[in-house]
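Trainee: As listed in Swiss-Prot for this protein:
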type     : residues : note
BINDING  : C454     : heme binding site
CARBOHYD : N185     : N-linked glycosylation site
CARBOHYD : N322     : N-linked glycosylation site
TRANSMEM : 24-44    : transmembrane segment
Amino acid sequence: MHSVLAQAASGALSFELRLGQSSVLTICILALLTFVLREIVLYFTRHSMPPGPFRWPLIGNALQLPQDHPWVKYTEWAKMYGPLMQLDVLGQHMLVITSAQTARDLMEKRSSIYSDRPHLVMAGDLAGFGDTLILQNYGEEFRYQRKLVSHSFSPSVIHRYYDLQEAAARRLVLAIIEDPDSLENSTRLHIASIILRMTYGYTVKGVDDPLFTTGIAVINGFSEATRPGAWPVDFVPILQYVPHWVPGFVFTRKAREWRGVLERAMWAPYHWCKENYARDAAHGLCLCGSILAAEGSQLSSDQEWLFVNAAVTVMGGGLDTNISTILSFVLAMLRFPEVQKKAQAEIDAVIGPNRLPLISDRHSLPYVRSVVTEVYRWIPAVPLGIPHALRQDDHYDGLFLSKGSVVVPNVWGMLHDPSIYPAPHEFKPERYGGLDAEMTKVTDIAFGFGRRACPGFYFAEGTIFAIVATVLAICDVVPTVDEHGQEVIPEVSLTSGAIVSPENVKCAFRPRSGRVKDILVEAVETEQE
């Protein structure tokens, strides 16, 4: 009896094993057939898709994506595959545009379907940046936020910030004359002071001011959270549900830290302004004060949430990019001293020796304007722009562009196209001929496309011009010397990230005369009274 049962059990087990093996085999065959059919479909579809580097099955171009300075590789690839190429990363399509005309055709002329942002799990969902103006998808909330910000940045009202920008520029130049090694830190402090005063009416007390340090921390967090390819959770969203204590999954802890910093950066300066703007009419000139004066208690909680997210974007969007531009300007003056001399000669001829340049002098200084424009072109602060996302399937120049594709404007490649800008690695302000129409072609690329173009362009332009013109009027930017008395000219070495800047820019700022330094000191002391 036992043997019969054993035989029966053995037979049943054998049958189940065979059935299980058969099921596994069937699943494997079906999976293989699905993969083969997908590849066949993709093979024929790719003939109408943009070209690009060879894609490996399943992972696509994941192993080919450069981790450092990706804009350089994309520009090289564009020479082989054309100005519109496609990369695939774990099933996610990425369109890289290295032609200004193509970028305008898609992101401006078809802006209704090219104005979304890619969904970033790490930065948007986990770290909390998803509701900020810079990462919002295009829609009613985005339009509301942009309307709030754009009014304070429009050309018709931007002049009211000139005194603020000029005063900060003068304090900065005096600081770096006295301590050239503080160039980056002093630039960060004084540009932040402009932005916090303009946005919230708040005057920064110094480098330890909590509103300043929190603002810097949130910018650093955003830059890290949005670093392309840095976070596996952006490609495998289910990873966001893994507990933070699991080894190797520290990103959830980092995201919580950044979310906390973001909330402080959003609400602390807003509450300060809300408590103080009514007591000081000057606060009505700031973005926050003007909104509170106009809307006041009529702001709903949802509108208030959107506003504080828009306001914190002003801080984040204007600080690191402007610092990058100033460091690039200083590097250019060190490497191309003949440009510095020519710009100083124009200032001397137009402004004279008895006063400091003003932002309102800009239209009388075409060569200085050209210097600023060439800085934007030579080292664009955001070399790959801020990615867009394609809302629906599209066709362009006979190519099929699929819904959901991440659209990356290769700003670096566009502004270093030798067919448009000969000798692109040379710093040549003369290439614009002093013509605003030629300079605008650069700024239209460097400051974004279509409905996602930077709303703070005119404000940033005023800040940069004030600093550049003041440096040129007051100082000679000169190299440091080594132990042998030889000049040390810094190389063009850039950081790698969403926002880039020159590394190790060491120099001295030598007053052109005792007279101009006295004028500077007197101006700073008068403004502080």
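Even glycines carry a Cβ here, placed using N, Cα and C.
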Trainee: Counting only residues 6+ apart in the same chain, whose Cβ is under 8 Å from the Cβ of N185 (N-linked glycosylation site)?
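Mentor: Listed in sequence order, they are V207.
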Trainee: Looking only at C-alpha atoms, tell me how far the residue listed as 'heme binding site' is from N322 (N-linked glycosylation site), rounded to the nearest Å.
Mentor: 13
Trainee: Can you check which residue among the recorded positions N322, C454 has the largest number of Cβ atoms within 10 Å of its own?
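Mentor: In terms of Cβ crowding, the pick is N322.
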Trainee: Where does N322 (N-linked glycosylation site) sit in the DSSP three-state scheme?
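Mentor: In the DSSP reduction, N322 (N-linked glycosylation site) maps to helix.
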